[in-house]
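A.B. asks: Quick paste of what TrEMBL says about this protein:
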type	residues	note
REGION	1-36	region 'Disordered'
COMPBIAS	17-29	compositional bias 'Pro residues'
DOMAIN	49-188	domain 'DUF2157'
TRANSMEM	75-97	transmembrane segment
TRANSMEM	109-128	transmembrane segment
TRANSMEM	140-161	transmembrane segment
TRANSMEM	167-185	transmembrane segment
TRANSMEM	190-209	transmembrane segment
TRANSMEM	215-238	transmembrane segment
TRANSMEM	250-270	transmembrane segment
TRANSMEM	276-295	transmembrane segment
TRANSMEM	302-322	transmembrane segment
TRANSMEM	337-358	transmembrane segment
TRANSMEM	367-388	transmembrane segment
TRANSMEM	394-411	transmembrane segment
Amino acid sequence: MHGAPSTEEVAMSAHPTAPPAPPGQPGPGPSMHGASPAQLQWLETELRAWRAEGLIDEATLGAIRGRYVAVRKITLARIVLTLGACFFGLGLIWFVASNLDAMSPLTRFALMVVIWLGLVAAAEVLATRRDREGDVASPVVGAVRLLAAAAFGAVVFQAAQSLQVPAYEPLLVGVWGIGALLWAYAVRGLAPLTLGVILVAVWFVWQVGDSANNAFSVSSAIAAAGLAAVAVGVLHALRWRPDFTTPWREVGAALVLVALFLAALPWDWGTDGRPWQLWVGLALAVALGAAAALGGSRTDRFEVGLAALGLALSLGLGLWRYDSSAVGGTADLSTGAWFRAFLAVAAYLVVASGYAVLGGMRDTSRLTLLATAALVVFVTVQAFAVFAPILSGATLFLVVGAVLLGTGVLADRGRRRLVREAKEVAS
């Protein structure tokens, strides 16, 4: 029995199977699908094994192999195109802001609309050509669609300026994000989807922070947005669009880690207040999480539970803060404050390690790298900001490393024990 690649890999822009041709006419060529080099290597091994066992002939082997083309998730062209699209989109919005007096409002708005519609048309022309040629590896379509989504933001801000709406209004970001999401679902584009998810999360957090600018509300809003995004990603995999699940899940994971990072910091800031937007967001996140957990697999429930744990820890640590004005520095902290700091490190270690494990379960390196980077940054900040009077940065890293190593050894020991017991049952 040969190992198979995980089904949790990104859909890689695979095209749907072409409809059958009418009787008497030649059928269309086979649809092309993108696959990572590792997946192609696995497929080649399986095909050769099937051929050796006589399950398929050489012609069938060649026909199956010909349906797939190598696609690397991260290439120089993809990185450059994505960065270029981001810079161009930000520059376009900056252009609108810095040339308010050079042109009339109607001229500026018309110019932004023309640029936006031109990018939309260009993206769809390129997508049609890509589908016709079967060039699923090209990242150009995604970059142009990202540009079109960014240009829509320029249209929104220009329209708001013409209507005398303040530029620093969170609602504008919300409209931009919803527009990007609608565009993404209309064309099945992952690039505008990722932008839309981020913008909607920014809008919600900004709206909450604008109503009550304090540490608890901001960190709790970020955590709620993270849980909601993770749950929506799981629901996509269950009953909506499986190819759209990855941006929701990975953005949600990043939001949970950021929220817990902010909540773990002991210092409070801002004014008291719990805006109604926060409670609505928390209720919606919990409802989505429950729906995803009830219908999902064991891995899905683990993912939703991890995000829910991050939300619960963010709420708890956000409520458990001390008044920084009452102490002159970290040396004056009480025993309770030190206990909170140690508990915060342990909580972040559990959640970040959970996401690293989830990355292995989902067979996605991005999630593992995200969790690792977040843990390193968190431990570094805690070492210099909180633990410096009693533990050096090196000592804290050694302690965390020893805990991780011990956990890994115990987990591997448990895995080997389960494998041994399974073999005994089978025999």
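Just so it is clear, glycine is given a Cβ too, placed from its N, Cα and C backbone atoms.
Curation plays no part in TrEMBL annotations; they are all automatic predictions.
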A.B. asks: With pairs restricted to those 6 or more apart in sequence, evaluate whether the transmembrane segment (140-161) and the transmembrane segment (215-238) have 3+ C-beta pairs under 8 Å.
C.D. replies: no
A.B. asks: To the transmembrane segment (302-322), which of 250-270, 276-295, 337-358 is linked by the most Cβ pairs under 8 Å?
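C.D. replies: It is 250-270, which has the most Cβ pairs under 8 Å.
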A.B. asks: Average pLDDT across the domain 'DUF2157' (49-188)?
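C.D. replies: A mean pLDDT of 76 is what the model gives the domain 'DUF2157' (49-188).
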A.B. asks: Checking distant contacts: for the transmembrane segment (250-270), what same-chain residues at least six beyond its ends satisfy Cβ-Cβ under 8 A?
C.D. replies: 194, 197-198, 201, 212-223, 225-233, 306-307, 310-311, 313-315, 317-318, 321-324, 333, 337, 340-341, 344-345, 347-348, 351-352, 355, 358, 364, 366-367, 370-371, 374, 377-378, 381-382, 385-386
A.B. asks: Can you tell me which recorded stretch out of 109-128, 167-185, 190-209 has the most Cβ pairs within less than 8 Å of the transmembrane segment (276-295)?
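C.D. replies: That would be 190-209.
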A.B. asks: Apart from its near flanks, which chain residues at least 6 from the ends of the transmembrane segment (190-209) lie with a Cβ under 8 angstroms of it?
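C.D. replies: For the transmembrane segment (190-209), the sequence-distant neighbours (Cβ-Cβ under 8 Å, at least 6 residues beyond its ends) are 10, 13, 82, 85, 142-143, 145-146, 148-150, 153, 170-171, 173-174, 176-181, 183-184, 217-218, 220-222, 224-226, 229, 243-244, 246-248, 251, 255, 275, 277-278, 281.
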